[in-house]
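K.L.:
Look at TrEMBL and you will find H123 tagged as active site, proton acceptor. Taken from TrEMBL, the feature Zn(2+) binding site applies to C131, C136, C185, C188. As annotated by TrEMBL, domain 'Deacetylase sirtuin-type' applies to 1-292.
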Amino acid sequence: MAPHNDVEAFHEVLRSSRRILALCGAGLSASSGLPTFRGAGGFWRNYDATQLATVRAFKMDPGMVWLFYAYRRHLALKAEPNKGHKALAALARRNPDFLCLTQNVDNLSQRAQHPPSQLKCLHGSLFDIKCSNESCDWMQKGNFDDPFCAALAPASVDMPNGEPLPLLDPYHRVKHITEDELPKCPQCSSGLQRPGVVWFGEDLDAHMMMDISAWLRAQPVDLMFVIGTSAGVYPAAGYIDKARKLGARIVIINLEAEDEAEMFKVKPGDFAFGKDAAEILPVLLEPIIGKPNEEGEFEKP
Ligand code: BJW
């Protein structure tokens, strides 16, 4: 059997694969300059990013949690989709049987022209706003205001000459933002507006989950990409085993994928590429999407 990182052997498998699934995580957007959740980039000020992504944190200090999200909205708006997002979008345009599940909330796959019907945003979007009152169904899609509101302006500052943003320095005191300074829900007038993302303990969108289940049930899956994710958050990570049970070979693309400690995840017939997703995806997908043009775009079919 060819080694797990043999690009030519992978191309053979790709050419004979029709139904393809992908699960993407923060590593896909790392080359666009967006931090990941775990590991070195996983701290914001002195907070663990995964602790801020909780209902509990929002209830305790909505102003601080909003600053975290306002900063990430600003960063995502300034970032550009990378070659990895573009290569996946090109694969989707060429193969209607390719479905991409992304845990990312940064809107970069959409901005890379990924066909919306072939993209499921498992954890919502930084640019959707909803009401924090669980009994209120108000939601606003596609809010790109930056700053989101006057009190959150410190999160939208661009420093000259790449100087670090004071807000990111844990020793820099930030003015406490009170609930009165944050926008209220226009429908129920009682809840605070909050980011339309999925926090720990919250359900993923039921319609989206049913669509994904229906796609999985329809026919066997030939190949599944697991891209730039630590694959430790459920139900997202559970799709890897589901696809495997449906016959899929797994291809893991992650900076750590070929580390000794990670190799137990690579079963016979699987592939693992310990590379930057933005660099390796165009190489791996070339038999289907071709080479990018001079502007770095993959031609539309
Ligand atoms: C590169 C790279 C480069 C770097 N190129 N690679 C079953 C078992 C156990 C627990 C559960 C279970 N089912 C549900 C749970 C509970 C919980 C859960 O999973 N807990 C785990 C911690 C165990 N799940 C939930 O609560 C979910 N809800 C749910 O299941 O509801 C039903 C329910 C309710 C109540 C009780 C039980 C069930 C909701 C999960 C929501 C996750 N939300 C977040 C925040 C979203 C908003 C935001 O963005 O702020 O989603 S947390 C965070 O983790 C975010 C991410 O999408 C997610 C995954 O992170 P990701 O993308 O993998 O990032 P990293 O940083 O972990 O990894 C990056 C990787 O990239 C690294 O490996 C790098 O090496 C690599 N990399 N640069 C390629 N250039």
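Placed from the backbone N, Cα and C atoms, the Cβ positions cover glycine too.
What TrEMBL says about a protein is an automatic prediction, not a curated fact.
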K.L.:
Which of C131, C136, C185, C188 (the binding-site residues) has the most other Cβ atoms within 10 Å?
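P.N.:
In terms of Cβ crowding, the pick is C131.
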K.L.:
With H, G and I counted as helix, E and B as strand and the rest as coil, say where DSSP puts H123 (active site, proton acceptor).
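P.N.:
Going by the DSSP assignment, H123 (active site, proton acceptor) belongs to neither helix nor strand, so it counts as coil.
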K.L.:
List the residues in the vicinity of the Zn(2+) site, defined as same-chain residues other than C131, C136, C185, C188 with C-beta within 8 angstroms of the site's C-beta centre.
P.N.:
S132, N133, S135, D137, W138, K184, P186, Q187, S189, S190, G191
K.L.:
Starting from the Cβ of H123 (active site, proton acceptor), draw a 10 Å sphere and report how many other Cβ atoms land inside it.
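P.N.:
20, counting other Cβ atoms within 10 Å of H123 (active site, proton acceptor).
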K.L.:
Near ligand 1, which of the recorded positions show up if the criterion is a Cβ under 6 Å from one of its atoms? Options: H123, C131, C136, C185, C188.
P.N.:
H123
K.L.:
If I take the alpha carbons of the residue listed as 'active site, proton acceptor' and C136 (Zn(2+) binding site), what is the distance between them in whole Å?
P.N.:
19
K.L.:
Tell me whether C131 (Zn(2+) binding site) sits in a helix, a strand or coil according to DSSP.
P.N.:
strand
K.L.:
Take the domain 'Deacetylase sirtuin-type' (1-292) and average the pLDDT across it for me.
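P.N.:
That stretch averages a pLDDT of 96.
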